[in-house]
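So that you can see what the record holds, here are the features copied from TrEMBL:
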DOMAIN    B:2-233  domain 'Nucleotidyl transferase'
DOMAIN    B:257-350  domain 'EIF2B subunit epsilon/gamma LbH'
DOMAIN    B:386-515  domain 'Alpha-D-phosphohexomutase alpha/beta/alpha'
DOMAIN    B:535-634  domain 'Alpha-D-phosphohexomutase alpha/beta/alpha'
DOMAIN    B:640-747  domain 'Alpha-D-phosphohexomutase alpha/beta/alpha'
């Protein structure tokens, strides 16, 4: 069972993602801020992180950069209400980019794609 | 009564039939077209002939000679320059002192010429033009006459709006010698354009006489095939040399010494020239076969014109095509309607020649090929487009803009509609030209393009690792041949295309099964100007910046005019390096350096490194993937030494994990790795195999035997720019000169050799090698590697060249040499055995 870290500053979103992704068979851990996410990343291991770009006063992209620098083996999917960040080169460090929508299928598909890719690539 | 036969045309529209012979000599029912004209003239008592030649006159003269064999008298006139039709006749003025008839040497007609001559005489005409009615008068000269058949108007190649008659000029004229008064000497003068309008203006007696009968201008290859169809259907009667053989329900004409095998099925009208063989079980319908041809069993020919010395092998199926002299058609080949195979071409077995494809002379079509387009310039049509991850071919000869646009259509079709692909190129104008054609093809399939323009391959790969694009394509010039363009295809992860991905595109390309976007939904082109910044950021994260800054190393880099010259000098400067850049400027006209220039460039680089007392020198290849290292003493490292050095530097500076190297790499890599608690993963020699291994999280470095390195912490792809920075960083970290580290590399002797070997024998050689290795310790990852304790030898067939590689490594040079020679001799011996 793949273990996911969902980072979003909105509690309802965290709840929604947590339930939906758990129903998909994932083990889901949530964090409400970049700091909380870093703490969890230091204490637990994850297979994938889903990060909102706008985290109150923090930037999801900075968190992404930190993960890439310190734990480059964890794939990251950026999840945002804005499509404009697709053109921001800092966002290109991510493995996936999903524009938030009421239909969570795109996010689920992207998680499945990135995990499958990672699994395929890690096979000797 | 004399006649002038116009036989000077180049036959450009008849190519490739006329590549080797002038148009009037193209065979029609196994006889030159012009011979039918001579016979028509003779039939109406015109035996004093003037032949007006221009293009390849000797071919015509050698055939007709003085005409005595044919019962006519021939005078040849060859103007020295193109004088136009009437101007050329003027050159023959001295032979034309009585009424004469003019006719083209490339017509098929059964007109009653006597009626034209009689009409001319009865009307006391100066000039009579023979007219006929055709369904489509657009491509001819329309002629309008009054009730007395006097010509009142000419319309040369009219548009439909101008067509007021279907009566056209057939190119057959009866003229009086006085006509020469109207033709200026030494000037380009045309009958239709100049002479007849002049006569009209001068109100000279100019008549047009309509004639009923068969008339066809054999002006192009379609018309040529149709002329045969008409003869075979009996629409027009022409003389056939081969005598009729009695066979119920079939019009069979067979020449001397023809063999018709048992079970041959013949239908309709079939002509077989002297000394040809049709072997049992062939099916021949409405077909003309020339002399000295061999048609093997099971061949099906329907409405085919075969010239001389053709060899059509078992099971080939040909419909409505022309096969010229000295052509071989491979077993089970299929040729669709409208094909023309010109002289001296060999088509390999099981090939598929699509509809209307024309193949110019002296081509080689590889077995199993599907030929979809006309083959004019290149020498061969390859069975498969892809060579590994790339398509390569001669720029503007094999890879033409139209070919590449079609390739773009095929690639776009293989991708989801509305998806994005990343496209870049090297510095050359050729790459830019072909890339632009390719983009048009992609867009037509409804796929979007992100054009990052002039960029090195590693940067393109780096962007592809992120989201947003489903694939990438890079255009560059080949290092081996500057006239060759390489199109490198990458998947969504920036990895080289696998063979199955290439096959998918080939299938679409050959079937022309393209997806065409709705006119409102073609793809769009955008640019990604931030790609360089993105790459630069990642680059800085991948190296120990502080360490390098602290050492302030001086290095020399030969950038080879590659796109790396735009970005790497600044990166190295920002890292605190003192960089002496050679060949940093871009040169679109000149392109990159070739392989031949490499040794000189390396010598110069070595000299500069020593003179400037630099820490190292780096030669970066134009693809920005391969690096040659020169140490601080000016010593140029061999690729296998560089690989061992990098492994040693990595372990010395604390790297722990696995090293991915090809089977052919020296075993000292294992020695170095294992002594330091690391492991080695042996891979196939293909770049993709090494990179696939590099993606695995525990791999810290992948290195090829050609100076290519990938450092997965930055990117799992060969990157010459990062290799340079990483080498500098590792060198700073050890704190000792590179030459001293090189001395620590365990010594062994490593030798490589090549044995030329044709493709067909490669499998046999490897079978013999595996039999030879039965009682030895052998591995079969890539080729066959046999170990003798710490020494080993590898026999590896090259994937793209007709070559077998032999690699040997041993502790002492003598043993390595002995192993290499022994196995090269074995391969040579097996080659001979396989030939028997």
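Numbers here mean position along the shown chain, with the first residue as 1.
Cβ atoms here come from the backbone N, Cα and C positions, even for glycine.
Secondary structure of the domain 'Alpha-D-phosphohexomutase alpha/beta/alpha' (B:640-747) per DSSP (helix as H, G, I; strand as E, B; remaining residues coil): 52 helix, 20 strand, 36 coil. In the predicted model, the domain 'Alpha-D-phosphohexomutase alpha/beta/alpha' (B:640-747) shows an average pLDDT of 92.
Note: the domain 'Alpha-D-phosphohexomutase alpha/beta/alpha' (B:535-634) comprises 44 helix, 20 strand, 36 coil (DSSP; helix = H, G, I, strand = E, B). For the domain 'Alpha-D-phosphohexomutase alpha/beta/alpha' (B:386-515), the DSSP-based tally of helix, strand and coil residues reads 50 helix, 37 strand, 43 coil. Secondary structure of the domain 'EIF2B subunit epsilon/gamma LbH' (B:257-350) per DSSP (helix as H, G, I; strand as E, B; remaining residues coil): 0 helix, 41 strand, 53 coil.
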